Amino acid sequence: MAKSQIGCLVPLKSTLDVDTSLPKLPLTEGANSVGRETLSVTDKRISRNHLTLSVSRDGASANLSVDGTNPVVVKSGGRREKLSRGQSVLIKNGDVIELIPGHHFYKYLPAAGEKRACNGSGDETISKKIRRCGEAQSYNIELRSCENGNSEEAIRDFRVHEDKLPLTFRLLRVKGLPPWANTSSVSIGDVIQGDIQVAILSNYMVDMDWLLSACPTLSKVPNVLVIHGEGEGTVEQMKRSKPANWILHKPPLPISYGTHHSKAMLLVYPKGVRIIVHTANLIYVDWNNKTQGLWMQDFPWKDEKIANRGCGFESDLVDYLSALKWPELTANIPSLGNLKINPWFFKKFDYSDAQVRLIGSVPGYHTGANLKKWGHMKLRTVLQECTFDKEFKSSPLVYQFSSLGSLDEKWMTELATSMSSGVSEDKKPLGLGVPQIIWPTVEDVRCSLEGYAAGNAVPSPLKNVEPILWVFCSRAMPHIKTFARYSGQKLAWFLLTSSNLSKAAWGALQKNNSQLMIRSYELGVLFLPSQATRHHHGFSCTSHKVSSESSSSSYSPTKTELVTLAWQETSNSTSSPSEVIQLPVPYELPPRPYSKEDVPWSWDRKYSKKDVYGQVWPRSVQLYASQD
């Protein structure tokens, strides 16, 4: 006699909505084999006997055992557990199974819940819908997957030794995510610490009340300069909230519609200086709820022997700081006495060990030698000096950002030309790369940790988004801005920056390409294999530990490679030794194309489908702690 059905596996979309295009899989008491044939799927990564579900008599639970060669992920409550062949776990009502990590989602339901959910009738309560949408977000924030299906949790294994931090960047810690999703992440208190004598904080938006509460160390710093891009109303609030010794400065904006958008910190210590370049505004939501990136490196004071020696990083930094035209201040540094703090002050530090190049933008009409100093022309100039592996010939570009300007084909070609610069080992140009655009969908925003409120930080209207037919979808809800050239999981170069995709940020060539017009201040760090060196000294302004790599004499020159966290070493790797540097790229490569159901987010449309908080769009959002 045939056994009666006691539960089912419900197919889900990647958003964890019920996928009505696929049949559910009925389950009976005892052992149920689940695999490629029983599920009617053609993915050969799923074995014929992929897993076994041994369902209890009442269907309330089932023991899941992995039989196939590929791992399975089970999400139960707030935890996600990866299981390999031979491992097992007990699952219960509502638990989600990923037959391949990041792919083929199924929910386990006992017979009691089958009538409501297995047929996709949609009679869930609002609270269940919100909870389900919130569960989907745990798959979307700071995760990625690649074609082999085994690396969407690569962030879990991202560990960086303190000496190696300048070789890569880190993601900011996000509240509401499980600990494994915040591996090697960083908070504002992790970088602003120690015996700081001078702090220069550069940003667009500054919430003074939040900043002082989040980082009380700053209230003890004797000299603080805040370089900002705020309007008059907010500046008045900042003046009322700031400590008396703090100085506020808004850089000149000579061209209309420009902003001071750079996000950086310069912290001067008795031992040296800490340079931080990041992507977050100095407001609560940017440091707690969004995907952001941060790079940091400490540099010692120069000794007398190299007092007049400079390098590319030093020139980049001092040139950029000079354009800000901040009011000079005087600081008393222990053992050094009174020093004038101006852009040229930062020539006193030894940047010869810098692991990145700075790519800045400053407003103006740049001609002559200044044509190649800023924006995409600076990036073009640096890349033209680089030699890349032949695998990057004609390889694609990726643009990921949080605001999209009004663009045209001519300028997009201009930008792509700069980002495609460089030669291969045979000294021939790499060739023009095809840009792939990463932009969130409406569902990404609706199901984010902030719900529709996150849409305020993705400010692009429909007229800018709609004409772009080559949009690619992000599985994250980012405020981070990144640009790169890649092949598989290898990166020719990678740029972490404040620049969005706009002429105002990158500049536009004029007058037969003899002039570059830029409206805004921007700053980013460019990671290059040739820039990353094994003789990094691991100097720290705040640590008394002696670096394990304090001397470069014991290291021979070696090839370096930049890779994503999804990269896996293969047996056919080149025979020559190489230093592999992993960057926590917070989206998958190659990007996933939009499906027919995906709608690109635009903030000037109305959305009536409720988000995780039961809200619709548009809605008002509090960004500052002092707002009512």
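Glycine is treated like the rest: Cβ placed from N, Cα and C.
Among the features that TrEMBL reports, active site, nucleophile is placed at H261. Residues or ranges marked as substrate binding site in TrEMBL: K263, K481. Residues or ranges marked as active site, proton donor/acceptor by TrEMBL: H479. The site 'Interaction with DNA' annotation in TrEMBL covers S502.
Everything TrEMBL records as a feature, shown here on the structure.
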{"residue": "H261", "record": "active site, nucleophile", "Cβ contacts under 8 Å, 6 or more apart": "Y204, G229, S498, S499, A505, S520, Y521, E522"}
{"residue": "K263", "record": "substrate binding site", "Cβ contacts under 8 Å, 6 or more apart": "S202, N203, Y204, V277, H278, T279, A280, N281, S498, L523"}
{"residue": "H479", "record": "active site, proton donor/acceptor", "Cβ contacts under 8 Å, 6 or more apart": "T279, A280, D286, K290, T291, Q292, S402, A457"}
{"residue": "K481", "record": "substrate binding site", "Cβ contacts under 8 Å, 6 or more apart": "T279, Q400, F401, S402, L496, T497, S498, S499, N500, G524"}
{"residue": "S502", "record": "site 'Interaction with DNA'", "Cβ contacts under 8 Å, 6 or more apart": "S403, L404, G405, L407"}
